[in-house]
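Please read the structure below before turning to the comments.
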Amino acid sequence: MTRHSISGSVSPRFLLIACSAPAVAFFAAFWLLPAVMLIALPAREGWKTYFATFTDVLYLQSLLQTVGLSLLVTLATLLIGAIMGIAMARSRFTGRGLLLSLLTLPLSFPGVIIGFFIILVGGRQGVVADLSAALGMERITFAYGFWGLFLGYLYFSLPRAIASYTAAAEAMDAHLEEAARSLGARGWAVARDVWWPQLMPTTMACSAIVFATAIGAFGTAFTLSSKFEVLPISIYNEFTNYANFALAASLSISLGLITWLVLWLARRFAGPNASGV
Amino acid sequence: MWAVTLVVTAFMLAPMLLSILAGVVVNYSQGISSGFTTRWLLEVWTGYGNTVLMSLFIACACVVLALVLGVPCAYALARSRSAWARHFEELLTLPVAIPGLASALALLLAYGSVTHFRQSFAFILVGHVIFTLPFMVRMVGSAFRRQELVSLEEAARSLGAPFCQRFVGILIPAVLPAIVAACLMVFTLSVGEFNLTWMLHTPLTRTLPVGLADSYASMRLEIGSAYTIIFLIVILPVMWALQAIGHVIEKHYGK
């Protein structure tokens, strides 16, 4: 440890450099250098490789499906999260704390577990298939296509949204709502004019994180995506099944750029809390 | 509003209960009527027990590395006014912002040919540290930036306290709650990390989530469910214990 040998008389600048040196060295060796290599790799196959995501119909479709799915998941998460957050913030019942902690528990689950949950519910031997068969219909399975992914991503992002919205709704100014109601505002008018502006910062931060997480989600997609291809799975397939490293790198760059852009925009408009860190 | 809350609560909790149930019944497709068994749990433990231990070990090592690298770095970034520091902080958070898959690919490209490194758990550990370091630096850094701490450190310095005395005696205790919270976060993220880990693992270096994916793909639903139960049994108590420790420290040192 070099730090301990430094005395109080050493220049502050040197001190700061010494403090940050280990982290800088580690980061440069294990992320910066690899990232530069990843960015340089597609060039070997020609500049066109960089645009494969947009020029190849297959990858473009995969990209559009990923973005579309992520958008839908984000909208659903925000809507449900806001409703639940307001409901949870306004209620006091026994077991409320327990319920909140149960609802936020999935934050620590790996994506594969959530994929497996969806298979248990909507897979070939799932509960829904058994129930629909018992009711005399054909066995309904939805786990391996669009709906499975949608529900899986929703499951993954709801805990974060519920937690943030509950905190935000608890901090809402009750007087504003009282005033609005006393002036005759009802239902939607209250939601639009009183709740919406106060929950706006949470909505911005949440939407960016949910969208960015959904776009890059690998674990859930890995267990569920067999009929609906998303970009992370395309990358994985190019890399492991076809050993097409340059293309995998190019697709990763596109995926990384989109995600980074979304988070950057959110931070630009919603402040530092939207960075996901 | 209450209807939505009820439906969502059912949607969130039902799969957990279903999974716990499926892991202890004899035959999932026959349901509870087939009777209960611990056979699947034992099978998972004999087949994948080491992945559980490795995950816990890697998570602990990840916390230690993130502390050693991250806390001094957080201090430096909090006190530095140079543009370089801002740029570095920006770069440091990129591994969180971009998908883990991309970081993992980059690591494989750069170090995949270094066989001993590639085939050891250190490879996965490095990936986890890259991913979790920004959380440590951000959370502890914002605690270091507090104005009263800057003045306190200034006072100690003017009284002649050398840097390591200030760091260990004043700065670390003052930001301890932030450090504990960050450690909890790093631990949780490392234990559940799959996106990077799946790309970085080899057949001999598997962590809990990797084993989970493996068992889901190749085994019966009962095995997968039993594995999920083991994840819940191992991870939840550790998290609750860490959270409890965090609360105690917060009480003692203030927020």
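Numbering starts at 1 and runs along the chain as displayed.
Every residue gets a Cβ built from N, Cα and C, even glycine.
Here TrEMBL flags B:52-242 as domain 'ABC transmembrane type-1'.
Within the chain carrying the transmembrane segment (B:55-78), a Cβ under 8 angstroms from the stretch's Cβ atoms is held by residues 85, 88-89, 121, 124-125, 128-129, 132-133, 135-138, 140-142, 144-145, 167, 171-172, 179, 182-183, 186-187, 190-191, 207-209, 234, 238, all 6 or more beyond its ends. Taken from TrEMBL, the feature transmembrane segment applies to B:55-78 (among others).
Marked as transmembrane segment by TrEMBL: B:90-111 (among others).
Per TrEMBL, the feature transmembrane segment maps to B:117-137 (among others).
Tertiary proximity for the transmembrane segment (B:167-191) is limited to same-chain residues at least six positions away from its ends with a CB under 8 Å from its CB atoms, namely 55-56, 58-60, 62-63, 66-67, 70-71, 75, 128, 131-132, 135-136, 139-140, 142-144, 146, 149, 152-153, 156, 161, 208, 235, 238-239, 242-243, 245-246, 249-250, 253-255. As annotated by TrEMBL, transmembrane segment applies to B:167-191 (among others).
The feature transmembrane segment is assigned by TrEMBL to B:226-249 (among others). Using a Cβ-Cβ cut-off under 8 Å and counting only residues 6 or more beyond its ends in the same chain, the transmembrane segment (B:226-249) has close neighbours at 16, 19-20, 23-24, 40-41, 43-45, 48, 52, 56, 176-177, 180-181, 183-184, 187-188, 191-192, 208, 211-212, 215.
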